[in-house]
Amino acid sequence: MGQLVTLFQSIPEIIEEAVNIALIAVAIMCIVKGTVNLWKCGIVQLCIFLLLAGKRCDGFQIDRRHKLESVEFNLTRMFNNLPMSCSKNNTHHYYKGPEGTNWGIELTLTNESVANYSNMSAIRSLAYGNITNCDKTNEAGHTLKWLLNELHFNVLHVTRHIGARCLTTDSAGILIQYNLTVGDYGGEVGRHLIASLAQIIGDDKAAWVGKCFNNCSANGTCRLTNCEGYTHYNYLIIQNTTWENHCSYSPMSTIRMALNKVAYSSVSRKLLGFFTWDISDSSGRHVPGGYCLEQWALVWAGIKCFDNSVMAKCNKDHNEEFCDTMRLFDFNQNAIKTLQLNTENSINLLKRSINGLISDSLVIRNSLKQLARIPYCNYTKFWYVNDTITKRHSLPQCWLTYNGSYLNETHFRNDWLLESQQLYNDMLVKEYEERQGKTPIALTDICFWSLVYFTVSVFLQLVGIPSHRHIVGQGCPKPHRISRNGLCSCGYYNIPMKPVRWVRKGK
């Protein structure tokens, strides 16, 4: 301890010696370089891994500055004027009423009739929305009308409800029964009805789409293809029910129903343009420079912002599910909140807007992937690469779903590695453009040619170009300049034909 105190007391005297300063510099360099080498060798990372393995996961660290993160959207408020939809199992599907209601509509496949046909009247047509006799709840009429319209007009193009009857008793609520075995001159209506319902719901239901060809490969893997609307159930029952969180809500069913004839559409509509993107803080004040999602739009984390570079990619390319979702959020923020319309007008407006905001090709592509039992996008969770230093993000990509659960990060490892590399490239290009804009071209030229001059001078110095002649066996003749014959014009060297040689400067 005394030696340490003595060392600190003698620091001023030590620094005065140049040799001591050199030793201190060498010691610091060795310590720093040794620490860097120790970190690069991997022993520290191994110790950290052994301590935290199986106990903690801070996220997917791609490299020293890039990290794989995700954002999950809450779409319930966006579609608060539309019925919420979900499936409990192969036979029960539910539609919840708009926001602020506690009722719902239950769709059930069964082999047992719920009522005697003598107590029910036939539904002739929906051409004029004539279902008032079937709705005794005075609250679900519009939702029921919208549901039946979508099932029959927009998907099936069927104006007559073959085999459909409803209960008309007062205070009986809603009870509509379809006989799926009844046919018509145009084909089996029940089969088309099940096909359209499965298309809207979008779930892979063996009981709803059961007539398929089972294609098996050589390795034993089998896949159902060319599925048609078919079910072994005889009746489809539509009735009112209370909403008791029967199942988890998914926005895809609502989006599919709002998109008119999406399954048969082969030409994509022209998408509506974006609004002006800007950042809004937690209090709602707008700050130019990017786009922030409000708290209601996220499942977790209070607020999430994306910079202008991400939004610019959406404005340029309309081929990402994330861009579709951002259009819906932006429309909901700037249009729906300013409207004072009743439920029916709001639904019609939102349907028309969704048709111009959502890309047909993306929805069709994901629907086909879901039917083919390969990973697809459900428009709720997106992953992106975050630069922890500059806080820049890559364009979020959809986190694909398979068998009702999200894929593990390792399943799309190549994708986020490519996004990380692209983020690096974008950063380098941006820094280069900024540097070019701040540096005068003349100064850049001077710097370049001075570097060329320095490089040439170093090369010439290494080559060793001779500068004057010497007479062999004698000293340097300077300041005399000897000719190739060994003579000097002043007469000091006057004996001709002596051997001479070229010598570099200083020799």
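Just so it is clear, glycine is given a Cβ too, placed from its N, Cα and C backbone atoms.
Because the structure is a prediction, the values reported are computed rather than measured.
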**Prompt:** Where Swiss-Prot annotates a disulfide for Cys323, which of Cys305, Cys314 is the other cysteine?
**Reply:** Cys314
**Item:** Candidate cysteine (Cys398, Cys447) that Swiss-Prot pairs with Cys377 in a disulfide
**Value:** Cys398
**Complete:** Nearest by Cα to Cys305 (disulfide bond), of the recorded positions Asn179, Asn240, Cys323, Asn378, Cys476, is Cys323
**DSSP-derived helix, strand and coil totals, residue by residue, for the topological domain 'Cytoplasmic' (467-507)** = 0 helix, 10 strand, 31 coil
**Request:** List only the single closest residue to Cys377 (disulfide bond), chosen from the recorded positions Cys86, Cys247, Cys323, Asn386, His468 by CA-CA distance.
**Result:** Cys323
**Message:** Using a 10 Å cut-off on Cβ-Cβ distances across all protein chains shown, tell me which of the recorded positions (Cys305, Cys398, Cys476) has the largest neighbour count.
**Reply:** Cys398
**Fill in**
Taking only the CA atoms, the spacing between Asn74 (N-linked glycosylation site) and His470 (Zn(2+) 2 binding site), expressed in whole angstrom, is 90
